[in-house]
Structures are given as structure tokens and as C-alpha cells.
Amino acid sequence: MANLLQRLRRRTGPKPDYIEDKLDEYIREEQVEETGGSNQDCPLGEIEKILDREWRPTASNNPNSSDNGTPTLVVVKQYLVKWKGLSYLHCSWVPEQEFEKAYKSHPHLKLKLRVTRFNAAMDVFIAENGAHEFIAIRPEWKTVDRIIACREGDDGEEYLVKYKELSYRNSYWESESDISDFQNEIQRFKDINSSSRRDKYVENERNREEFKQFDLTPEFLTGTLHTYQLEGLNFLRYSWSKKTNVILADEMGLGKTIQSIAFLASLFEENLSPHLVVAPLSTIRNWEREFATWAPHMNVVMYTGDSEARDVIWEHEFYFSEGRKSKFDVLLTTYEMVHPGISVLSPIKWTCMIIDEGHRLKNQKSKLYSSLSQFTSKHIVLLTGTPLQNNLNELFALMHFLDADKFGSLEKFQDINKEEQISRLHQMLAPHLLRRLKKDVLKDKVPPKKELILRVDMSSQQKEVYKAVITNNYQVLTKKRDAKISNVLMKLRQVCSHPYLLPDFEPRFEDANEAFTKLLEASGKLQLLDKMMVKLKEQGHRVLIYTQFQHTLYLLEDYFTFKNWNYERIDGKISGPERQVRIDRFNAENSNRFCFLLSTRAGGIGINLATADTVIIYDSDWNPHADLQAMARVHRLGQTNKVMIYRLIHKGTVEERMMEITKNKMLLEHLVVGKQHLCQDELDDIIKYGSKELFSEENDEAGRSGKIHYDDAAIEQLLDRNHVDAVEVSLDDEEETDFLKNFKVASFEYVDDENEAAALEEAQAIENNSSVRNADRTSHWKDLLKDKYEVQQAEELSALGKRKRNGKQVMYAEDDLDGLEEISDEEDEYCLDDLKVTSDEEEEADEPEAARQRKPRTVTRPYRKRARDNSEEIPLMEGEGRYLMVLGFNETERDIFLRTFKRYGAGNFDWKEFVNPLYMKTYDEINKYGILFLKHIAENPTDNSTNFKVITAMVYADGVPKEGISSDELLVSMTFMMLVKEKCQFLDNHPTAPVFSNYVISKYNLRNGAFSKEEHDRILIPAVSKHGYGRWVAIVEDEEIGFQEVACKDLNIPFPPDTKSARKRICDHVGKRVKKMEDAIKYEYAEKILAEQAKAETKGTSFVDAEKEMLKNDPITSKKNSATAVDNKQGRVEMAQSYDQSVNEKSGESFQTYLDIQPLNRMPRESFKPLEPINEEISTRLSVGTDHDVEMDAADNIIVLD
């Protein structure tokens, strides 16, 4: 142990992080903070992490344990530890006895706590995964990846070593003897840094050599290229010689990576470098492996990791020690690293820049596009299997990136008619694009594939929830324009995936068997998937399941865990190195992983999973190419089995209609037709699809007459692969001209065996219903939903306070509080260029790698236990941090309550307005939380000590965190909404009375506009009460109010407004008008209260007089100033001067604050008697009677002094 301690002391270099193994999911050891004592005599103080535990033999310390004097071996518990500053090569087993000694001699090290936590984490891991799944040290962590530096040590040369699967920041100095088994890596380091290699490089500005065609695979490659790959290499070489930037657009699975490496290797043979490769995070490791396979003589450096890792790379891997010549031949990096590394990467003069998945550059306004445009490169190659994904704009973005001079103006091209447009496009693209298809070049090398669309009926629960979402969004669907229609569509997509995706909709079960049964019963897709998966496993197939939603992945994990099937998972939260580990584990020989769960975007790009032979698209992507990318993970070079692809789609839902829309996107590859953005009418058309038939099932047997039934025979037919070859041949000829002909739709036996003609007639009826255009849009929803919506609203009001809602009952859609602003609804979008999906569809490039690594990774877990029984009392608080629950309200639910409160106030204290936004809560739960909320904002701290002020600034008296809530602001907001309701009642009772007095109209500039008159204010005030404060867009678009037309006239804007900016001007106009009326209403009420006080106390005459009195704060005179300076203390003079300035500048502000808080002393008391204790607190806090003075404190805040 002493020798180890000495070695630890002389070690230098970067300190490593904790290792990234699965155990980190459960344990995050706190950094030990030394509170005294020294570690120099205790090596255990140098422990970085405990890795493992075992009962192992060791020599006994008992001298009498052996007759011949040789120590007897005894088995004791030992811990495997990693030491700070040392690599995994130097981990040691330490007996538990050594730890026990340190507990007593060095308590400040907190070793007992660390050991206890480790043991607890190990117990959990083994219980959930089994001991066989635990690996303390991966072999890669002890395998030298690269040597990046050399220095002279005490015992000879030392090398700075980067180990495989570990970041550069986890590099360690090792003596040559420590890594003597890695002589090849030592020699490679010496070769890279040799003077002969430095002198070999030439400037890449020299003239390009003439094109020389390769007839055979070049000798500098260590593998053999297919004929079409050799053709691709020659295409890239030819474009280089002609100085033409290009797109290599071969279909997925044809080896674009290998062709690109061959091209860079050919340039390297001409001493041309450096080169840059930018690739997705999920494929960067594969690029490194392919370089090692095909061009191992090239120095390839991967530029990834956090800032510390990148600093190590820049210091040791970028340049030779002499001069500024690049040491690397190829730099691999990810999209995420381009922007943070721009200061390091952009100054380099690249010979060739290759961008994998180049369609990521389709948006010229993206950060990636902007950053890469700043790089200097003599040649650019984009790799993409899908160059034309959505529209002409995106294609031109790619071409503009390649050649800004040739493709400078999209407008010029769009002026050409369709036929000439297509012809000219092909002519312009010809020198820049090479695209081959698998069916053309791999007829005999890749087994055929077959895709089936499986139409599935929704479960009864899904149908109820689906209808509830539509019904509760009746007002959204019947508006001419409402950006929130995209939210409705998203909710319907979630219902189709599984109803449990909706917030807090999942029921709570303690019994795992019952939970599993309900999980299956809730989803028609999952029921079919269960039948298929059982048979696929029996037949020895391996499966990939793709979905859009991370929550769906969790539900599928629950399913697989209950089935006790081994699986892997990748989504956007899994780090790059961990992704490759999981891919390798799945692809390993004799792997026991039956299935791979993947999000379409994170797991559908550039990875090879050809060891599977079945793909299930659980829910489709808006972009059909994303699904094709996912399929290509299996159907590619290296596949030896026939491939089956199943796409699950719920019959008569938005999913089925979406398939029709994706058809247009796919046709764009052959007929460029311009913009393909989804407009309001298209979104509405998707939602309407099948809605009439769904609601017609309520009172008859029509719903059961067309139900699709998948029995055992049907499942066997689905999984039969004997006819794959015949199907594939029939599709080949037309698959590039008609997207849907790629698929064979599976419509198996109907329960009632309806004939084909009737089925076609039904399908045609659905199509006709779904194609109702904009003129009939409103009438469609009114005819279908109006009566149901009104009945539902009436039932909801009558049952308020009695109805209990849980996961099994009808769900009420959220009142769309997303993005609520206190002042304006500017966030409401009217034009939908594309649908923003809140799922795992997010682009990985938008999230830095470091940020993803900070997120907790998902691990295999047992079936999730449900929350407490309904009869159990809900505690005031449980959990902590972001998982804190207050009376059962999580962070999101508390935020919804707060924003609803700001919008409506407390209403009549019946919480009616809170029911829909908080559909996941029962009325009783809302009521209890509402009373607690009012109690909190009514608190009036009386302890003025410094410590107490600090505490009360953070928590309420009962210990609940304040979470930044301003009580005074909320009380003012609540009372104003009460005043609005009172004003509405007054206007209803006095229809001929003026809205405001002439004095108030003059004071707050509420005069009539060019067209708007007092009668418009008379309808605007009730609109605020109806829609809530700040909901200007909803107020403007409310046809019953009809304020939009007069606002257009006031602003001289065409009606109806046809641009987003015009609609924004109208909303701003309404907001400003309401703000003026708000001030006026507060003023009127304050005048009323003061008048009553004056009458009762014979003190003061009017509010106008009170205003004058408020402004009579006298400054300190110069004589008084002189008096304060008698003791020669400058601070007194400065304080007096500061007060004078405050009087002059803040008097008006003080009066406005007085206006805000003065009238609130009685409004809550008059409104809700049952809350009298809380009401008294509210009144106390807000009262500013005649016995109070209003002053400014040192921070220029209004305070009340008794």
C-alpha cells in the first residue's frame, strides 16, 4: 500500500471522471470534501470510485493461523477500487478491513458513506438485471486506443494514453512497461510524429492532378470494393479534378462511408490533407472503425467530448510541435461540435470536407448551415440517401451550399413551368449528383424485403379518449385559424400510439399482472404487437421496433420487462459511446438480445443492425425518409435473411390520413412540385379523417361490423416469409414512382366477412368525408360535435365538485396553456410551415453532447410500480428538486395552476376555470391545492430578522418552496379579475349607463377611436372575463365578440387580416386597450373605497384629493440637510439627497402602487366566506388605510409601514 501511495503522489495529468457504466444510473457519489486531517498516510483517500465487491482469498493477519509459519489464506470481502490519477490498469482489491480502519482513523473521508451507497446501488442493479449483467471494468478501458504524447519520467519514457471507449479527458500518463503489450500503438505514435512524415505533407493549394480512373480496387485500401463502389470512387475523383462539389446520394445501405474513405485515402496518396468529416453522433464511431478497416495508415482523430476533452485534443493531436502543420490526416467530428469548435476548426484550410447525412443542411437559417459555411475547403462532398426530402427549397439549400454561384437564386428557377422545371433541374444536377438504388446494384447480394401496412382497430379505451380529445377541442376545430390545431393533432397521434402517453392518464396499479393486462387492453397496436412478438421469438427472429415518442419506449420497456425478454434501447438521450456499446452488444455473435427499441430519429441514421431481420414501425414519422432510414438499418449489405417490415396504423384515424400525405413527399424525388408545407386546412383534413364514422359507432353496431380480427392463422400468414421474393419483384418496377406501391396493405379476415365491394364503398365514404374543404369546415365540426360539446359542458358544470376523474374515465383536453404569456399571445402561430412534434423527433444537432450526457440515462428497470391507493392521504410534500410533489401536484401541474390563476384569478373560488387545464386532477384535488395556494400567497411574515427574511424569501411557513412566486402580484391579479366580473355584472344590470365616467376616460385616454366606440368596450370587458387576461388572440378570433373587424378599421388593415404581422398588430391593439381599461377599473374601485372610508371616518373627500395628498411628499430642505451634516458624517447627507431624488422621481410610481393595492382590502372578504382565515391574511397584507404611510425602501420597493 505504501508503494502505491508514492506512485499516486507523483502522478500528474488530467483527473478523470467517474466511469460510465450502468451502475452510474443508480449512484452519483458526492465529491469528498475534506474537513481536516491529512490523506498522506491513508491511500484510501485517493480512491476515485469503488467498482466492484467480491469475497476473495487473502493472507491471514493471524500469526498463529499456520503451524509452519506460512500465512493461511482466508476468504474476506474486498472492494475493487479505481485510484485518482491512475488508469484502470492500476485498479486494486482492498479488503473491507482496511476500510473499517479508515472509518475510525479518517472519518473526514466519509468512506463509510461511499461504501454504503455502493453496496445499496449494487444490490439494486443485481436485483433488476442479474449479476451476469454487471461488468466492473470493460476490457476496452484497459486497451490502448491512441498514444498522444510522450515525456521523460523518473524511470524512463512515459506516454499519455487514451483508452478505448473513454474520453480524451480520461487520458493518463503510463510508463512504457505499463503498456508493453501495445507495441503497435507505441510504434504508430512514433511514426506519426516522425520528421519524415512531417516533411511528406505538401500544401494543398497546389494544382489538382488530371483524373485517373481506377479499374480495380487501389492497393492502398485493405479491402475490396464492389463494382458500383469503385464507380463511386471514380465519380468522386473525377469531380475533384473538375473542381465540382458533389452529392453522393446512393440509397441507404450501399456503403457511402466506404466510398468516401477510399476517396480520402486516394488524396492522401498524393500527400493532400487535412480532411474534415462531419457525421451524426450515432455514426461517428462507425466512421472511425471503417477508417481503421480500410485505411489504417491514415491518422484519424475524433474531435468530440466536452471542452476539457477538446482542449486535450487540440493540444496534442492538432499540430506538430514545430510549426503549424496539421498532425492528423482526417478529423472526425459531429454536428454538435461544429459550432462550439468553430474558432478552432474554421481557420484550418481543409482539402476536402465530407458531410454525412448532408440533408441536415436543408435549412439555410440553421446554426449548422451557418457554421459550416464559414469553413474553407477546396472540395465538398455531401452524403445522403435522401437528397429530396420535403420541397424544392430544401434541395436548393443543399445545392447552394455546394455551389453558391451556380445555384444562387431559387426564384429564377421557380418561374419556369413544371415540365421545364423538372428537365432543367435534372440538367443542373447531373454533374453534382450520383444516386444508385439497391435494386439496381445488389440484386443478388442483398436478400429481398417485404413491407406490410397492418391496419389495426383502436381499443375501446382508445376510441373513448380519441373522441374526448376531439370533443374537448371543439372551439379550436371550429375557428377559421388556430395554431393550436397542431396540438390537437399531436394528442391524437399520442392516443394512437398508446393512451398512456397523455399526461397522468396511466392508471395506478400495485399488482404487476393487472398492470400488464391493462397496458395491453388499452392499445390495439400493443395487442397485435404482443401476438406477433411471441411468434417471432419462437421462430428465432430478431426485431427492431421504431417509434416517435420516448414515452412509448418506456411502455415497450415495461412490456419486455414483464415478458422477461432481453433487449437494447437507443434514444436521443443516450451518449455516443454508450450507443456503440449497445449496438455492439446487440450485434455480437450469439447475442441474447431479442429486440432493439429505437427512436426513429436517434436510431435510424447510419448504424448497422443487419443481425436483425424484422422491423416494426410502431408509429410513422412525418418524414417518410426517416422511416426508410430506419428500415435500411436491417436491409443492407451484410444481411443474410429475408427482411420483413411491418408498419402499424390505426384504422380510420389521423395515422391513416398521414400515410396519404407522405405519399406526396416521396413523389417529390421524381416530380418536383414546390412547397409541401402543411397548411391549416391539411391539418384539419387529417383530424377529420374517420371522425364521423368513429362517432357513429356510439349507438349502433356499425363499429363492430368492420372490425379487423388478427387470429393465430392471420398472424402466421403475416409472419410467413416464403413469398417475399415474389412480392419484391412485383414492386421493383414501380417503387420509385409511387410511394405507396412500396407497401402491401394487410387487411385480414373481417369478423363479419364483409365482401370486398362493401369494404371499398366504406373506404370511399371515409375518403369523401375527409375531403370536406374549408368552406364546410366549421359546419362539419358543428354538425358532429356541437350537441355533444354542449352536453358535456352542462354535465361538467352540474357535476362539479362531485365527479371523480381518473385514468379509466373520459379525459378532458388541456386548455392549451403552452406558452401562456401574461400580456400577449404573440406566440400563437397562424401559419404552419411544418408540424413541430414534441417527441423524440427532435434533431440531435440541436442538443450539445455535453448537455445530453448530463441527463440521466435510461436503464433496464422492473415493471414500474403505480402510485398510492386513492384512499391514502396525499402528503403535503414528497420528493425533491424537479420531482417535488405538493399535495400530489408535480412541477408541470403547479405551473399550469399558476398560469391559469394569472389568467382567471380565483374566479368565484369554485375553481371552474381550472378543471379543463388540470384534467388529470379530480375536482377535490384541485380544490385542496387551491386553498393551499391562497394560504401561501396570503402569508404575512412578522419576523423581520435577517435569517428569517432569507428563509421566507425561499419557502412558505409550512416549508413549501416559493418557486419564484410573487404573492403581491398574484393578489393584485386575482382582485382585478374580480373587478372585471363585477364590471360585467354592472354593465348587464345597467345597459344604458356609460362604461366609464368622463373624468376616467380623459385620465386614461379611453376616447373613441375612428371606428371603435364605447359599445365595443362594453363587449371587450366580458371578453376578458371569458377568455382570461392576456388571451388577446382568443379574444380577437372570437366570432361571437366580433371585435376583429372594428379593430381592422381602426388600424386601417384589410378584413380579414391576411398576414401574420397584421394579426399581431390587432392583438397588440387589443392588449393596449385592455391595459388602459385595467387602470381605469382599478381607479374607479379605489375611488369608491376611499369615498366609503371618508364617509365612515369623515376623513378625506375624494380619491382625486387623495391623489393630490399623495404627491405632497416634501423633500428635505437645505437647512435640514445642513443640520444632518453637523456631525460631519457624509453618509447622512447622501441619504438625505437620495431621499430628495426619490421624492421627485418616485412619487407618481408610489401613487400607482397605492392604486394597485389599496382597494384589495375588502374584495376577497366579500367574495368567499368559507376562506375567512385566509381572507383575513389577504386583507391584512393588502390593506393601506388612512393610518398607513407609503414609503420607498432602500431598494426602491414600495413597503407598508404600520
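Heads up, the Cβ atoms here are built off N, Cα and C, so glycines get one too.
Copied over from Swiss-Prot:
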- 45-109: domain 'Chromo 1' (DOMAIN)
- 142-201: domain 'Chromo 2' (DOMAIN)
- 237-405: domain 'Helicase ATP-binding' (DOMAIN)
- D250, E251, M252, G253, L254, G255, K256, T257: ATP binding site (BINDING)
- 356-359: motif 'DEAH box' (MOTIF)
- 528-679: domain 'Helicase C-terminal' (DOMAIN)
- 838-872: region 'Disordered' (REGION)
- 853-867: compositional bias 'Basic residues' (COMPBIAS)
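Highlighted: of the candidate stretches 45-109, 142-201, 528-679, 528-679 has the greatest count of Cβ pairs under 8 Å to the domain 'Helicase ATP-binding' (237-405). Each of the binding-site residues G253, G255 was ranked by the number of other C-beta atoms within 10 Å, and first place falls to G253. The residues near the ATP site, meaning same-chain residues not in D250, E251, M252, G253, L254, G255, K256, T257 whose C-beta sits within 8 angstroms of the mean position of the site's C-beta atoms, are G385, A632, R636, in sequence order. Taking each of the binding-site residues M252, L254 in turn and counting other Cβ atoms within 10 Å of its Cβ gives the largest count for L254. Per DSSP, the motif 'DEAH box' (356-359) is made up of 2 helix, 0 strand, 2 coil. A simple way to gauge crowding: the CB of K256 (ATP binding site) has 24 other CB atoms within 10 angstroms, across all the protein chains here. In the shown protein chains, 22 other C-beta atoms lie within 10 A of the C-beta of T257 (ATP binding site). Within 10 Å of the C-beta atom of D250 (ATP binding site) sit 22 other C-beta atoms, taking all shown protein chains into account. Note on the domain 'Helicase ATP-binding' (237-405): its mean pLDDT in the predicted model is 88. Secondary structure of the domain 'Chromo 2' (142-201) per DSSP, as helix, strand and coil residue counts: 20 helix, 22 strand, 18 coil.
The Cβ of E251 (ATP binding site) lies under 8 Å from the Cβ of G385, R435, R436, L437, K438, A632, each on the same chain and at least six residues away in sequence. Look at the domain 'Chromo 1' (45-109): DSSP puts its residues at 21 helix, 28 strand, 16 coil.
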